[in-house]
Amino acid sequence: MQGVIGLLVGVAAVFAFSASGWLYSPDEKVSVIEARNLVNKLVEQNFDSYNQRAIRKQITECLRDSYQYLAMSMYFDQAEVALPGFHKLFKEYSDREMSNAVKLMTYMNLREGSNKFIGIPEPKISYEWHDGETALISALRMEHKANTKFQTIIQLALEKHDPHLKQFIEDSFLDQKVKVIKELGDKVTQLGKYRSEGKGLGLQMFDNTLL
């Protein structure tokens with residue numbers, strides 16, 4: 001970055017556009033601060049502040065979901081619950097949400113946005129999860145909420161004329177969320193069938209399918 005700034009300061013021809021036209025004429029010298037601002041503006045590529053704020057909120061949501069899934073995973077790993085399939089499933093979900101958060105943070109850096117880290121709320125623990133179905137439905141609601149928020153970011157990108165952000169969200173997250181929502185819906189149905197046919201062992205039989 002310093003090399004780029006030095007080049008901009010030393011070279012007379014500076015190419016930069018704003019909404020109203022040239023930021024600098026080819027013969028005008030610029031200061032280091034002006035050059036840095038110019039570089040940031042060029043790298044941002046019309047990255048609107050509203051879009052940045054929406055992405056920062058979604059990063060926090062992904063981290064919170066990762067934390068929540070981790071709590072669910074550890075719940076099922078307890079000796080008095082002992083459902084290793086559910087433990088594995090929700091640990092994978094936790095890792096995926098952490099990966100989603102990192103992916104969004106990396107995108108912010110790509111577009112010269114600013115990442116801001118805030119505290120993540122304590123995850124909720126429910127002893128009703130022991131039946132498996134309650135935990136799956138909770139996860140289904142979390143994924144539906146996340147999918148809705150990603151769609152909101154796409155709408156903001158359209159309003160702010162940012163096709164790159166729109167494409168990034170669609171390619172990286174929408175397909176994932178649609179598939180996960182379908183997967184969770186199927187698992188709720190399958191668990192119900194195992195329960196009705198398992199003669200008291202339906203939950204354990206279903207848990208084995210998750211391993």
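Using the three backbone atoms N, Cα and C, a Cβ is placed for every residue, glycine included.
Here's what TrEMBL has on this protein:
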DOMAIN    45-195  domain 'Ferritin-like diiron'
BINDING   Glu97, Glu143  Fe cation binding site
Long-range same-chain neighbours of Glu97 (Fe cation binding site), Cβ under 8 Å, sequence gap at least 6?
Cys62, Leu63, Asp65, Ser66, Tyr69
If you average the pLDDT over the domain 'Ferritin-like diiron' (45-195), what number do you get?
96
